[in-house]
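**Student:** The following block contains the structure, expressed as structure tokens.
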Amino acid sequence: MPLAFSTPPISISQAHQLAGLFASSYVGCLYLFKNARLNFTAQPQPPTANGGERHRSQGERWRDDPAVIRARLLVVSISSFLSCFTLFIVIWNITGGLPATLPDSIDSTLARLGFIPPDSLRDAILPCLIAPALFLGPLYVQFLDRLFPLQKAWSIKYSVAPYVATWVGWRNVILGPVTEEIVFRACVVAAYKLAGASSMKMVFLSPLWFGLAHLHHAWDTYNRYGRTASALKLAAVRTLFQLGYTTLFGFHCAWLFLRTGSIVPPLVSHVFCNIMGVPMLGEEIRRHPNRKITIIMFYMLGIAAYVYTIKNWTVVKDNLYWPAEGAHVKSIMAKKKAVVTKAAAKAAKKAKAEQKVARKETKKKSKTKDEEEDDQDLEGILDRMRRDWEEAHKVTEELVEGPPSRRANATFTPCPSGNFIWSIGGEYFSDDGKAHFYNDVFRYSPEKDEWRKFVSPTCPGPRSAHAVVASPASGGKLFLFGGEFSSLYQNSFHHYRDFWCFDISTHMWDRIETKVRPTARSGHRMAMWKHYIVLFGGFYDPGIRTNYLNDLWIFDTQEYKWKQIEMRDNDRKPSPRSGFSFLSSTEGVLLHGGYCKEYVKGSRPVGVMLEDTWFLRMTLETPTEGKASADPLTVKWERRKRPSTAYAPSVRSGCTMALWPAKNMGVLFGGVTDEDTSEETMESVFHNDLFGYQITGNGRWVSMTLKRPKKKGQSRAKKQTPAPVKPTWQEVDEQNDFEYDYEREEGDEDEDINKDYVQKSSAPATLVVSQPEPAPETDPDDPNLTIPIPRYNAMLAVLRNTLYIYGGIFERGAREYTLDDFYALPLDKLDRYICLKGSGVDILADGNDESSDEDDEDDEDDDEDDEDDSTLAAESVMSPTSTVRALDDEVPPESEDDDFELEKPVIDKDSLRTQAAAFMGVAKDTSRSVEDMLGTPLPGETLAMFYARSREYWAGKAHGVSDNRGKLLRRDGFGMASERYEEYKPILEEVERILAEAGLDEEEMRKGAAAGSSGPSTESRNRR
């Protein structure tokens, strides 16, 4: 039994000091020790657009880190023990501090802390059921979600393990509640009891200390988001909300502690409320709209049950904190019974009965009044929750000037319920190496040629390489899954596995939470078949190795649940891949192409472009009367043979097809063909051609070339046979003799275009130049002049009978360009591309882009135009663009003296070997200036290769010292390049000897030179 004191042994101010000491020591230890402190970067980082936590930076320590949790649990456990020990010292000092009073002081301390067993099983169980009675509404919703034990969604892994097998669970449901109840309930209430405070005063004072102890979260929030004005505002809002509900919860726990005299009921309530969390009535009603009335009824029933049980289920006994009601009245009545007469006893009995009736009437009126107040409070809560939900889902619509900013790997989706195109997300890598990700939503209206942007506080986070599919149900919806995000400098990557739904009619986002869902991924594809969303493939890149996937998932939009389709081992199915075409038809879903990487131990990963075609045949059985199928949906993969047709595109990647529903056809544009020419170099050819794939039947490729308008009165130009001419110069180095052949233009589409070539010979080379016929006059009506430049990963969408093309990626040398042009092509006419917005990207020209105005001044002969009525692919538009070239199309200029020779300086052999070794290290240094790289030949590089790579550089150098133009200017530039090459030739030959000694042959040296001349050979991350 606790020691009783006739007068309060301490004052109320001393009780305040003790309570402040207990609370400050509990919170202060979190910042006193380094391992328990949180650490945030100083750079301002606002929360994500959907209101969630901001993205984590490297080196930060957050409150959910296991190391931080372990340190904090240790220090608060020590603080709780010291608080109990301090209370014991106070009580022992009050009793005199003598050894004889030590046992009584220990017993009194344990009793005041509530460490006493209950008197009966009823007293132990009923107070612990008060909190579950209040949560009848949320418990009913969990029953609807099948989260109770033995229900479908319940499992030990997801329902039990997170609370007992993780440090976050230990903090939230075990050590955290135990230490908080000991300090803020037991120790604080015991201090005020020693000061003689009343029971109701203790009920209100203890929760205030508990709420104030949570104010330190404001400091953490302020630091986490960069110590800005917006961070201060966010910290204030969050902390005030937390202060409110922690104080209300403290009233409940303090009441249980005082009424029962035990620490167990408030501790059980604390653990239960931490598991359940704050009830979200609006979210629960949105998930179960058909059970709206029932959910509200259970919420009201829970409030009524709480009002009843909070007093009737708590043990009201003559304990230390709450004396029994009417105990002194019973003592007085017992004395009167010995002296009063029978008449007085009857009168007293009658008066007691009247008082009982009066109390019942008063209680009934009070109960009716409390119910009315509870109803009013419930209406206020619902109204407040409704306003909060509307504020979180408020949509802002903005008319923008044009298409989205430069970006790649965004989505381009036709609207299922209107004549619009929706674009979501994307990424852009700026020239300074920073990665920018977007989560904005754009809508394009072709009728008005206008773009609109929609912004909502509740929306998916910034991402790229995600997948979006459209459904016409309920006024139109867009479903989004997955994608990726990286830090500003790509130090860390994150792949999403969240699932969102965008309502086209309200322009609001809703996150779909399911227990079973696909793993995190990017580069996957989704298609809509009836009311099912089909998801396949993608990749997951943790930063070490890209893992490609080939799992198949189905989402039922009627039941809102995911299901993985498991294939048998002997069933045929597509290999893992990403970036493929995935088109829906009436009988299933078509899959074509894609990209993956092959990893072989001991060698670098090799990119593989896939060209196979698969068809996922899907059937939906209609359940007959008396016979219901467990799974009415059946799927099967069927591989289609590659059609032997000339219209099939070459193997390529980065060319996802768009569906043309009117023709049940897939439309393919552009792409890139990569060829690994060696371990260090990769040659890429970019396309801008157009193909169609007929989905029905066995599938076939069809031609989609532009139709040229016919004109009358045009005749074919006669072809002229080129005649060889003698060269006016020869290359000095006989080991690098070569011949040039000009590429000549052909007017007939049936003739092949001549290609440049390099030919070795042991004898002096003869320059054979095809005399080209003068170029025909440019026809402004030629539709091929409207074709966009080659690109890959272009965003395509077919709306009605028009193909829309936005952006894409183009590479030239080591530079990667993200395009922002916007085109439209009427597929039913195929007459010309319509440029809706030109590109604002300046692409640095290489050798093929140099103007030939000077040449035109020298050649003024006129020939007839060579045109016909068929489709003609203009070379400057339709020819695939390659990033690695062996030789430029233009002939090096003439030399003034055919027989000149350069005197080679004599260099010491050892000194030459030293210079060659130093040159090998410098040649591969990509941090050199552009002028240095262009003006220095590379090992294995011939004079022709060196001049072809650096021709513009030498023309600029010659222009600065000469007044010549045209061929004469290029002749001067070639002379300067020759001098530079001869200057480095001894070193280059020594380097070649060193490489030969290392086992490299001449061809490998030339490939190494091509790799060095094209800049860094790192592969674009878009090749995933």
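Using the three backbone atoms N, Cα and C, a Cβ is placed for every residue, glycine included.
Keep in mind that TrEMBL annotations are predicted by a computer and have not been checked by a curator.
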**Student:** Which range, 15-33, 186-204, does TrEMBL list as transmembrane segment?
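**Tutor:** The listed stretch tagged transmembrane segment in TrEMBL is 15-33.
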**Student:** Of the ranges 403-426, 427-450, 763-786, 955-978, which one does TrEMBL flag as region 'Disordered'?
**Tutor:** 763-786
**Student:** Give the residue counts of the domain 'CAAX prenyl protease 2/Lysostaphin resistance protein A-like' (166-276) per reduced DSSP state, in the order helix, strand, coil.
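**Tutor:** Going by DSSP assignments, the domain 'CAAX prenyl protease 2/Lysostaphin resistance protein A-like' (166-276) contains 99 helix, 0 strand, 12 coil.
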**Student:** Apart from its near flanks, which chain residues at least 6 from the ends of the transmembrane segment (15-33) lie with a Cβ under 8 angstroms of it?
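**Tutor:** Sequence-distant neighbours of the transmembrane segment (15-33): 71-72, 75-76, 78-80, 82-83, 86-87, 90, 179-180, 183-184, 187-188, 191-192, 194-195, 197, 205, 209, 212-213, 216.
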**Student:** Which bits of the chain, at least 6 residues beyond where the transmembrane segment (124-144) starts or stops, bring a Cβ under 8 A of a Cβ in it?
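**Tutor:** Residues packing against the transmembrane segment (124-144) from afar: 118, 151, 252, 256, 259-260, 262, 264-265, 268-269, 272-273, 276, 279, 281, 284, 287-288, 291, 294-296, 298-299, 301-303, 305-306, 309-310, 313-315.
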**Student:** Given the model, what does the mean pLDDT over the domain 'DUF4110' (930-1004) come out as?
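**Tutor:** Reported value for the domain 'DUF4110' (930-1004) is a mean pLDDT of 78.
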**Student:** With DSSP as the reference, give the number of residues of the domain 'DUF4110' (930-1004) in helix, strand and coil.
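**Tutor:** So the counts come to 59 helix, 0 strand, 16 coil.
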